[in-house]
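K.L.:
Sharing the record's features from TrEMBL:
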ACT_SITE  His169  active site, tele-UMP-histidine intermediate
BINDING   Cys70, Cys73, His116, His167  Zn(2+) binding site
DOMAIN    102-177  domain 'Galactose-1-phosphate uridyl transferase N-terminal'
DOMAIN    194-345  domain 'Galactose-1-phosphate uridyl transferase C-terminal'
Amino acid sequence: MKRTSTRLADGREILYYDADDGAARAVPDTRPLDASATSSEVRRDPLLGDAVVIASHRQARTYHPPADACPLCPSTEGRASEIPAPDYDVVVFENRFPSLAGDTGRCEVICFTPDHLTSFAELDEERAALVLAAWTDRTAELSAHAGIRQVYCFENRGAEIGVTLAHPHGQIYAFPFITPRTTRMLATVAAHRARTGGNLFEEVLAAERAEGTRIVLEGEHWTAFVPYAARWPYEVHLHPHRRTADLTTLDDAARAEFPGLYLDLLRRFDRLFGSSAPTPYISAWHQAPVSGEGRADFALHLELFTVRRTADKLKYLAGTESGMEAYMNDVRPEDAAARLREVADR
Ligand SMILES: [Zn+2]
């Protein structure tokens, strides 16, 4: 893999990740860009202790541009996008409208392919492996930035969940705090350790593999299952068998097996609802805090879920979920797992 780091016209960093070591990507950005204004602020909810980011400068961000004005396609003669090079494999750059910047962290965009009209599920294994390498590199580098506590790589897919750019891309957030969900997981895991001496992540994975009814697929180094208390109609957790803190410490065997398994899962998601519009999903890497207590007991894993529950119905977070964080799931996790096994490509 070749990594090329350069700067956009307003000073933001852009990094190209190429399979071909001969790729030449250091093309200058000739756009007349002003430095972007950011004014994020992290506040703490006094009752819950949760961090909340107030990012009031983001209201003017690009919203559903036409395909010929896509900022994530490579630049062409006469049309400059966010990516100055005329082609790329995988590219990462600092978000022009970040929720987190400066003292409050960093937001990056990762484009999985220069092809505007495809999706992650349609990539080949080689490209998916390059994306994994880029996620890993970003996790290592951002973890070393002063003040960063947790690195979060994720993809939102589909207009149904608020994606404003159709081009296949994800995001990488470097948080100056440990996210609320991770904080709760760490507390549960620490309490379990204190009470039993065991690791709760390992015990949950072992129990799911032994029980079997919620297993979606098993590789040699990974298992994907629908969690016992799934919150979403179709939700899959993908864990490496050898527990590890984050992507930087994932072993080579698990790394090599990941692209095939992940593409298989995404393709199953796309087959869930027949020939209707592609399944909207959120794919979220859960990684340990970059340092400190709790890191040693954490388990890197990926949570993939869709907000769609039938071909024409979405799951909305309404009164119980948004108001009380009490999820009501209409699909039994065992049925969801059976369905996800049924739509395997055979
Ligand atoms: Zn595009």
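Backbone N, Cα and C define each Cβ position, glycine as well.
All TrEMBL annotations are machine predictions without curation.
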K.L.:
Count, for each of the recorded positions His116, His167, His169, the other C-beta atoms lying within 10 angstroms of its own C-beta, and report the residue with the smallest count.
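P.N.:
Fewest other Cβ atoms within 10 Å, among the recorded positions His116, His167, His169, is found for His116.
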K.L.:
Could you give the mean pLDDT over the domain 'Galactose-1-phosphate uridyl transferase C-terminal' (194-345), rounded to a whole number?
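P.N.:
Residues in the domain 'Galactose-1-phosphate uridyl transferase C-terminal' (194-345) carry a mean pLDDT of 95 in this prediction.
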K.L.:
I'd like to verify something. Among the recorded positions Cys73, His116, His167, His169, which ones have a C-beta closer than 6 angstroms to some atom of ligand 1?
P.N.:
Cys73, His116, His167
